[in-house]
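Reviewing the structure listed below.
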Amino acid sequence: MISLSSLAERFCSNDTEGVVQLVAERCLRSRLNSNECRRCLEVCPGSALRLENRRILLDAERCSGCGRCRAVCPSDAFTSVVDITQLIGSLAGKDRAMISCSRQPRLTEDELVLPCLGLLSPPALLAIGSGGCPAITFQTGGCAACVNARATGAFLDDLRAVAGQIEHCCGTRLETSPHGAPEPYLPPPSRRTYLRDLKTSVRPLPAAPPSPSLANNSATSPSGRHIPEKIRFVNQLLATVDESMEQELRSALLPHLSVTPDCTRCPRCAGICPTGALKRKTGESGKQLVFNASRCSNCRLCMEFCPESAITVSEPALPPPRPPHG
């Protein structure tokens with residue numbers, strides 16, 4: 001992971017590459033012209049994202065670096081300098097860890113620092129919880145007064161939704177810090193001033209190897225299609241639990257696909273699927289549609305592109321949250 005000190009130096013130089021980058025060719029709107037996905041637009045706390053000629057555009061100068069667009073995008077159209085795989089690797093062997101953002105005052109000497117907690121999606125939290133550290137605290141004392149409060153509020157909702165399940169399946173406690181910031185966070189007078197101040201306030205992540213199960217969890221399918229990080233994070237969790245727990249989690253965490261008799265076994269859904277979760281195979285009874293839930297990003301392009309409206313993809317839903325520590 002690039003340290004935030006290095007990131008600050010890049011911002012204060014002539015390098016305009018920001019905390020968040022848009023990989024336009026991965027956007028669902030680029031893959032299917034009629035697609036109406038607005039996930040990123042709906043969560044951006046500022047005006048950094050906009051629609052122009054049906055395409056998503058990112059204004060890096062307006063971006064506050066919360067990374068919430070990355071957290072909600074099903075296709076990895078947004079990336080950042082934060083390597084969550086390395087973060088997970090940094091947790092291995094620790095008895096306790098604290099994760100905070102660069103805008104918070106430090107509470108411990110060895111905190112793992114991110115630009116913003118808002119970039120952590122539910123699948124990322126699942127993978128963090130399965131990383132081998134039994135107690136992880138997120139420092140959120142100053143989040144309510146931050147310019148990224150909307151993004152961190154969504155993060156806290158996600159954390160509440162998955163914390164009990166993670167403790168149930170992995171024995172890991174995910175908590176928030178009870179300590180508030182000494183003073184409410186006030187946005188700096190300018191973007192450049194804030195990034196300059198990062199040089200003296202942030203602590204980079206320690207170098208760490210990727211989590212073994214993620215290291216073998218390729219971002220590219222055998223057919224060359226990109227596998228989004230959220231899919232890989234869920235698969236990371238599934239690889240760490242026993243067989244009975246795996247079946248329970250598969251039912252709760254992976255999308256479900258159903259096909260009506262109107263399906264003609266045409267190649268459209270398999271062709272539009274960005275991850276290769278849908279394939280056509282020839283069996284004794286002819287062409288068959290094969291669905292691999294562990295590759296599905298729930299983007300629903302197959303539903304949109306099916307001329308017979310024969311496909312339904314159901315949102316994965318966690319069971320009712322289990323009370324933490326119960």
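Each Cβ is built from the backbone N, Cα and C atoms, and glycine gets one as well.
Range annotated as region 'Disordered' by TrEMBL, chosen from 178-201, 202-225: 202-225. The residues of the domain '4Fe-4S ferredoxin-type' (54-83), classed with DSSP into helix (H, G, I), strand (E, B) and coil, number 5 helix, 7 strand, 18 coil. If you look at the domain '4Fe-4S ferredoxin-type' (255-283), the same-chain residues 6 or more away from its ends with a CB under 8 A from one of its CBs are 26, 28, 31-32, 75, 221-223, 225-228, 231, 289-293, 295-299, 301-302, 305-316.
Residues in the domain '4Fe-4S ferredoxin-type' (287-316) partition by DSSP class (helix H, G, I; strand E, B; coil) as 8 helix, 9 strand, 13 coil. With helix defined as DSSP H, G or I and strand as E or B, the domain '4Fe-4S ferredoxin-type' (255-283) counts 5 helix, 10 strand, 14 coil.
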